[in-house]
Amino acid sequence: MRYTILSKGDSKSNALKHKMINHMKDFQMVEDPDNPEIVISVGGDGTLLQAFHQYSYMLSRCAFVGIHTGHLGFYADWLPHEVEKLIIEINNSEFQVIEYPLLEIIVRYNDNGYETRHLALNEATMKTENGSTLVVDVNIRGNQFERFRGDGLCISTPSGSTAYNKALGGALIHPSLEAMQIAEIASINNRVFRTVGSPLVLPKHHTCLITPVNQDTILTTIDHVSIKHKNVNAIQYRVANEKIRFARFRPFPFWKRVHDSFISSGDDE
């Protein structure tokens, strides 16, 4: 089995990474950061997001597993004291592969049709660089839907619906559903300006095209990465054809994670 390990970079995570590498030598597992079959992140959900972006070019050929050295995460489901068990499972087991939907973002510029393509595991947001009101036309499936005015828009995946989207009042969506969700960030609603005022859930075959009305510099975030764009013509969002693959060696139910993260006090029986 070819593997690679990405660490959060703190002392605890780095020590655990080196411990795992030494232990994996006993199983004749090969460390191969260029062509891994399994990508192990040690840290938290942020570390796994970084691992996803680093290996997004080979999603069909590798699977991800997370070890959390801090708080319980939605993606990192193994504890530091379980690493030896995990290594044995990786070496001996045919692991189950669970696939989650991703978000495709295509930024189109006014410069001779130039465009860039990105993938997000959690969400993408769109705002103005200087914090002024974002004014954009929202087009769904080729039809004008609304003119949005506000701080910005957040477009999330099902697994990302528990992150920024939840803080914006969006719905929680099970990752088995291939969909994306659009949530407003502080929209302006009065007698003159109106938006739908509710999160929108779009299925896989629906595309959302967002066109800036003014030529402001647009600030986008794609998971943990912030990018400034000038001279933007439009940004297209849809459910990506690619999916992220997680290696599962034991059950890790989505709704239990939601309960443990947002409801459980730690004292539940």
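In case you wondered, yes, glycine gets a Cβ from its N, Cα and C as well.
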Per Swiss-Prot, member of Ala186, Ala234, Ala240, Ala247 binding NAD(+) alongside Asp45, Gly46, Asn122, Glu123, Arg149, Asp151: Ala186
For NAD(+), whose listed binding residues are Asp45, Gly46, Asn122, Glu123, Arg149, Asp151, Ala186, the greatest C-alpha pairwise distance in Å: 32
Greatest C-beta neighbour count within 10 angstroms, which of the binding-site residues Glu123, Asp151: Glu123
Arg149 (NAD(+) binding site), number of other Cβ atoms within 10 Å: 20
